Structure formats: structure tokens, C-alpha cells
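According to TrEMBL, the features are:
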DOMAIN    1-113  domain 'ABC transmembrane type-1'
TRANSMEM  28-47  transmembrane segment
TRANSMEM  92-114  transmembrane segment
Amino acid sequence: MQAIPSELQEAAAIDGANPRQVFRSITLPLLLQILSPLLIASFAYNFNNFNLIYLLTGGGPRNTLDGEIAGATDILISYTYQIAFGRNVLDFGLASAISVLIFFLVASISFYGLRKSKVMETFG
């Protein structure tokens, strides 16, 4: 918040903008430029949180009476691991297809977020 020049907010106040308009038009866009790479990195990290889930709970508890494959604490990565290695029937094709979809999902969200924050323009 200190990195946002106060002159911009003062100029908006002189032009007759109320505090809500100042926040929406000046403060929020400048904050998003700064926070966007951090939000994208935390989003990508959350998709790669397999080790925590697997070591603590193994994705369980599972309700095997209903025939559920996914457990209560499974995320998409640990569920993909269960499909590939955790059952009696190993389904490497389905697990690799899910992995490719995860990659494209994270890559497209990251690209959109970086493009929206215009971070790539300063480096390239």
C-alpha cells in the first residue's frame, strides 16, 4: 500500500471521485500488479502439494463400502497417484491424461494471470 503514490489518490479526490471509486480505479489495479505473481505461484504450489497429503493421511479415509476411489483428503494429484499405483488395476493411461490436463490448467491460469498483470512485458 505504501508503494502506491498518494498523488494519484489526491488527484482522483480533486476530480471528485469518492473513496470507493478511488479504491476500484487506482488502488486495486496497482495492488493486483504487485500481488498477481505471488497469487499465481501459490496457486501452482497448491496443485503440487502431493507429499503433504500422502505422508499425513494417504488420501484417506476412504469409504470402501460405497466403492469410492477418492478419499476425504485427496486432491487431484493424490487422486491421480491412486489411479496409477494405488489400486489393484493400474491405469497409467488415465493417470497420464489427468496429469496432462492438470498441466494445461495450471499453465493456462498462470499465463492468463501473468498476461493480465503485464509482468511478462517488463521482462521481454
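Note: Cβ is positioned from N, Cα and C throughout, glycine not excepted.
Tertiary proximity for the transmembrane segment (92-114) is limited to same-chain residues at least six positions away from its ends with a CB under 8 Å from its CB atoms, namely 36-37, 39-40, 43-44, 47, 76-77, 79-81, 83-84, 120. Counted with DSSP, the domain 'ABC transmembrane type-1' (1-113) comes out as 81 helix, 0 strand, 32 coil.
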